[in-house]
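*Asks:* Straight from TrEMBL, here's the annotation block:
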- 44-328: domain 'ABC transmembrane type-1' (DOMAIN)
- 364-598: domain 'ABC transporter' (DOMAIN)
- 41-62: transmembrane segment (TRANSMEM)
- 82-102: transmembrane segment (TRANSMEM)
- 160-179: transmembrane segment (TRANSMEM)
- 185-207: transmembrane segment (TRANSMEM)
Amino acid sequence: MPKENNERRPEEEISSSYQISSENRRAAFRAMLVYARPHRFTFLTVFICTALAISADLLQPYLVKIAIDNNLLIGKNDFGELLVICGIYFGLSVIGLTFTYFQNNLLQFAGQNIVGRIRKELFEHISKLSMSFFDRFPNGSLVTHVSSDTETLNQFFTQVFLSLIRDGMTLVFIIVLMFHLDPTLAWYSMLLLPIIAAIAIGFRSYMRKTYQLTRTRLSRLIAFTAENLAGMNLIQAFHQEKRQEQYFTDRNTSYLEANLREIRTNVFFNRSFDLLGNLSVAFLTWIGGRAVFHHEIEFGVLYAFITYIRQFFQPINSITQQWNTLQSTTVSMDRLWRLFSMQPEIRDAGQPKSIPLPEVKGRIDYNHVQFGYAEGIPVIHDLDLHIRPGEMIGIVGTTGAGKSSLMSLLCRFYDVQKGSIRIDGTDVREIPQATLHRMIGLVQQEPFLYSGSIIDNVRLFDESISHEKVIQACTFVGADALIMRMKDGYDTKLSERGSGLSAGERQLISFARIVVFEPRILILDEATANLDSHTEQLVQSALQIVSAGRTTLVIAHRLSTIMQADRIIVMRQGRIVEEGNHQQLLEKQGYYEQLYKHSQGKPALGAG
Ligand SMILES: Nc1ncnc2c1ncn2[C@@H]1O[C@H](COP(=O)(O)OP(=O)(O)OP(=O)(O)O)[C@@H](O)[C@H]1O
């Protein structure tokens with residue numbers, strides 16, 4: 001049902017990501033972790049591989065300490081032992097590398113699989129949502145959810161998760177080794193920990209803002225470029241090139257500035273972190289050097305400490321870096337979770353009536369129908385219309401009179417608010433949607449063609465429909481000759497939305513679809529509006545063929561399209577104001593007659 005005016009639009013609900021309540025965040029995390037559960041053994045193996053790789057890496061400085069303190073400094077001069085230590089050092093490097101390799105591959109495997117499944121289920125979920133949802137939800141943001149948000153989840157599983165376990169474990173291992181080597185020096189090093197963390201977090205939050213600014217400006221630039229490319233003919237026709245160039249330059253410059261600022265901040269942060277690292281080494285060398293001087297610790301211990309303190313910075317830097325990704329993941333998870341929890345407003349009845357398709361006669365009854373997209377603003381008012389099986393009804397009226405809405409209600413893209421619509425006496429709300437959509441064939445002003453072969457476009461990728469049936473259908477509507485003139489005939493690949501074909505050719509292909517799927521009821525919504533008079537004749541004769549024996553509803557601005565209809569209804573502001581065949585309506589000398597006279601003067605009618 002249409003939502004109340006004051007209710008928040010789903011798009012707003014989903015984009016208001018910075019107001020995620022902690023309850024929602026937890027729920028989104030829980031929902032998304034369900035997808036990770038089947039991979040728990042992979043994650044466990046990743047954990048073990050990481051622990052082994054880190055241990056192998058961190059034991060290397062300890063080996064050097066043994067070589068210094070237990071061999072070199074005490075003048076043992078045992079070259080054999082030194083060689084063994086070097087061999088173990090090399091062996092540890094190989095072990096570290098091997099386990100890192102497994103850990104990375106396993107994690108990528110799990111992450112890609114999880115995200116692949118989420119993307120598939122998201123697409124399936126979106127395709128089940130009702131038309132009212134698509135009215136309120138711009139396509140652009142849906143594309144973002146299916147592509148970018150799922151990609152952010154991928155980063156979570158492959159980068160954030162990895163960083164949390166790898167860098168977290170590295171820090172813990174380094175601290176344990178430091179305390180094992182010398183507790184006093186270890187406590188001194190611990191003093192650095194909060195200072196490093198505070199600086200890193202402060203910098204990171206500033207960097208996040210610069211990053212977001214860059215992304216926003218980039219998406220603005222991309223949106224502007226895409227819009228301009230799509231409307232280039234209009235820009236050239238109205239000589240707007242100079243003005244658009246100026247707009248582009250403004251956006252481009254502001255993106256460039258944001259980008260440079262981000263890069264400057266990044267370099268400054270990384271170099272400051274290096275400086276802090278060197279300061280820590282100097283601090284430890286001074287404290288540790290004094291301890292070595294007073295024989296409180298061995299030289300090898302100081303060497304190992306200095307190496308560990310250097311390694312200390314990398315995981316902290318990496319964890320703070322992943323903190324940003326974690327925040328965007330939270331936003332993406334929340335948005336995806338909200339999308340997943342949206343339910344279709346139009347659903348099949350608890351016990352839908354099963355209607356065998358061959359038995360459908362095609363009688364349609366609109367019984368005192370009332371409908372509006374928004375609460376309190378009706379678009380159709382108490383409309384009563386009864387159509388006999390096989391009858392051809394022409395529908396005309398002013399722009400916004402409610403003609404297309406009437407058809408959307410019959411297809412049950414929306415539900416009526418009052419009254420009912422019945423097909424052969426059964427309320428459309430009681431017919432399973434799958435059956436209803438097989439009963440009704442819809443041809444619109446801009447027929448939608450997919451990128452793919454002509455044959456697949458006619459049979460809508462349903463492989464159970466044979467080539468012969470498609471060819472028969474195309475021959476039937478008069479499209480065969482034009483298809484055979486194409487380079488690969490029926491296997492000709494169409495580009496996106498069939499952009500290589502003329503409007504008439506696209507329309508003929510969509511008629512062939514109707515013949516293939518054999519719906520009992522046919523709706524043509526302005527199907528001939530974009531055609532020149534020659535192509536219109538072609539399509540018109542195809543329409544005659546296709547509509548024979550089917551209940552047909554034709555919405556047309558061009559009266560020539562519907563003059564032959566059994567009955568014509570004239571609509572105005574959601575009501576039927578006149579009804580009859582062409583001749584009867586002319587005799588009435590009412591609104592239809594005015595439209596007719598107008599159409600004699602001008603070939604196409606605009607707003608009435
Ligand atoms: N998806 C929608 N959401 C909200 N309002 C809508 C929607 N579709 C149509 N309307 C409104 O409903 C009214 C009827 O629109 P409808 O498209 O049914 O008219 P129409 O007679 O088919 O017009 P046209 O001849 O211009 O196609 C219009 O005021 C229109 O603005």
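If you go along the chain as it appears here, the first residue is 1 and each next one adds 1.
Positions of Cβ are set from backbone N, Cα and C atoms, glycine also.
Since the structure is predicted, the reported quantities are computational estimates derived from the model, not experimental observations.
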*Asks:* Going through 41-62, 82-102, 185-207 one by one, which has the most CB pairs that fall under 8 Å from the transmembrane segment (160-179)?
*Replies:* 41-62
*Asks:* Near the transmembrane segment (82-102), which same-chain residues lie under 8 Å Cβ to Cβ, leaving out any that are not at least 6 residues past its ends?
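*Replies:* Those are 45, 49-50, 52-54, 56-57, 59-60, 63-64, 66-67, 71-72, in sequence order.
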*Asks:* What residues in the same chain, six or more past the boundaries of the transmembrane segment (185-207), come closer than 8 Å to it by Cβ-Cβ distance?
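*Replies:* Contacts of the transmembrane segment (185-207) (Cβ under 8 Å, skipping residues fewer than 6 from its ends): 175, 178-179, 262, 265-266, 269, 272-273, 276, 280, 283-284, 287-288, 291, 297, 301-302, 305, 309, 312-313, 316-317, 320-321, 323-324.
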